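Please read the structure below before turning to the comments.
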Ligand SMILES: Nc1ncnc2c1ncn2[C@@H]1O[C@H](COP(=O)(O)OP(=O)(O)OP(=O)(O)O)[C@@H](O)[C@H]1O
């Protein structure tokens, strides 16, 4: 079953049980003195503030910036320093830079330990001595003075040694000397046999002995304490108004005081009165929390030590302090990393040799670990784990206090998460009417811890609004049960009990005219009634627990379903959002690439017309080359012509190749034209290729141009040859003039000359003509250039 349910059931059960109407026949076993009664009505939880003075180091490091201003005995103002987050936030319009808080009472830096004790818990200790349970807990950031307030120093004791002193001042001379009645479970008492008593005695002796050995190092030396507290003792014994009612009891009661000291460290409970393991690897046994029949939580197997004086109690405290987990953090060299709880149980006994237990009251003083934030202490590893656990349990304490406050409004009741941490589980009875809780808020005035201090103050402001009411005692509290060695309740009535004693606290309820036998009968009846009440309540509790469990389970299932549905929906929406976003990015990338490609294309773009014009030019040149080739064909027979021919052929071949490349490129360009935007990148590459080819082509064109020039030169040489030819024809004609010939046309003459001359020359002037032709043939064409 959920923890919350438990607490709810417990509260529900408690309130039904505590219905005043059902308590009409209850026998009150405790004092009904005025001290007790006057505090039982509903009243806000008492929250005291103690502001500690600056240390010398703090004063030199500019920590004093007037952050804490005590307005009057109940009001304090907090003013945010320059560099605090609160100030920064307020500058941004979030929150305020000045906060005011009201407390039950505010104690300034000059308050002495005695003044503080008298102004705060002294009354609570008086109530405790009268049978009322009490809890005092200190809350504050690390280094705020919590331990100083609770334990004090060897020279100046805190509230704990002072409380012990008040208690022993009260029970002085009325102490039960034996150890055979010992606290058991939450509020029962175990009757010990002789062996057990011996065990108790030896345990106590060994514990006190170990302190004696360590006496020199002790923080709260008993002698100094005695000297310190002597003043308060005197004041107590002189204070008749407070103790008047107590001393009225005369010697009809005796008391037995027992103490326990434990710590909650990392959500584990360790008994501080256990001998610390001597071996390094040996672990300290951790204790469990159990609930008694009425649902009240208690620490199981906790060591209870009987004490007879303040000195003994202080020695026990010293012993426990030695075991206390202390670790140094950056902020406080002796910082408490655990919540330590010192508990005193007072058994109120009848004044007999074998007395009855009339009441058991409990007073717990809890020194909570510092509520610092992890980042402030720069904690890591174990220290970080400690801080997390400390913060967690303090957070739950805060939640419980907030829920308690909220539950004061009947329309807004909610479950109080007492069971979420060990600390709150143990505090639960005090918040639920079993006793009175009182909170001490410790703060320092340092600017560097302002934000944390403000947080503490806000927490305490909520606590201050919690209304407490001590529930009237009823069947549940009808005296503590006495159990035997086996843990079973001892039911038979002690024949030695004097009826007057038994009924002394219930005179209002009982008919004093009844004879003793009838009274015993009546008591028997009541006892039976009580047992059957307890049984029926247990059944009812089981029933309610079961119902609550089922309801809670169903609620959890529903919640699980709702959350899984919400989770699925969220998942789907996120997936859709992611997909659409992905698409958007893809599109954007595509557009960007396209845009870039288009820009590049624009930069490198050669218009088709230009390209075609260039092509035409190339073609023209090619034609011209061909013509030249034809012209050159006339000179084929010369070596130079051949060489030129070869070059021209090679060029022609290359031209053809290039033509092919050009045509391929043309085809590619054509393809590129048809391709869509996605192939723009490719087009770009090909365009680059084309550009390279164009460059080559241009080079080739330039080559062709130079060839053309060459061809022109050749043409010139041809015309030169023509001139030579003309000359030779002239020569020939002059020869013909010598040998007259029939006159013919110039061309036929040339033709005849070209065709017939060799023959004629061969016959007439062979040697001469051969010489001429031979000379002309042998003369290289290029050498004439
Ligand atoms: N009222 C005071 N007057 C003088 N000195 C004080 C007072 N309160 C605290 N101090 C000193 O301030 C220091 C820190 O106090 P203390 O160790 O009690 O802080 P704490 O809140 O218990 O710290 P932590 O949570 O880390 O244990 C100690 O040196 C203590 O002596």
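Even glycines carry a Cβ here, placed using N, Cα and C.
If you look up TrEMBL, you'll see 140, 141, 142, 143, 144, 145, 146, 147 marked as ATP binding site. Taken from TrEMBL, the feature coiled coil covers 608-731. TrEMBL lists 776-785 with the feature compositional bias 'Basic residues'. Taken from TrEMBL, the feature domain 'Kinesin motor' applies to 44-466. The region 'Disordered' annotation in TrEMBL covers 743-785.
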Helix, strand or coil for residue 144 (ATP binding site)? Use DSSP.
coil
Contacting binding-site residues, sequence order - 141, 142, 143, 145, 147 vs ligand 1, Cβ under 6 Å
142, 143, 145, 147
Give me the non-local Cβ neighbours of residue 145 (ATP binding site): same chain, 6+ apart in sequence, Cβ-Cβ under 8 Å, ordered along the sequence.
50, 52, 442, 444
Most Cβ neighbours within 10 Å, among the binding-site residues 141, 144, goes to 144
Integer mean pLDDT for the domain 'Kinesin motor' (44-466)
81
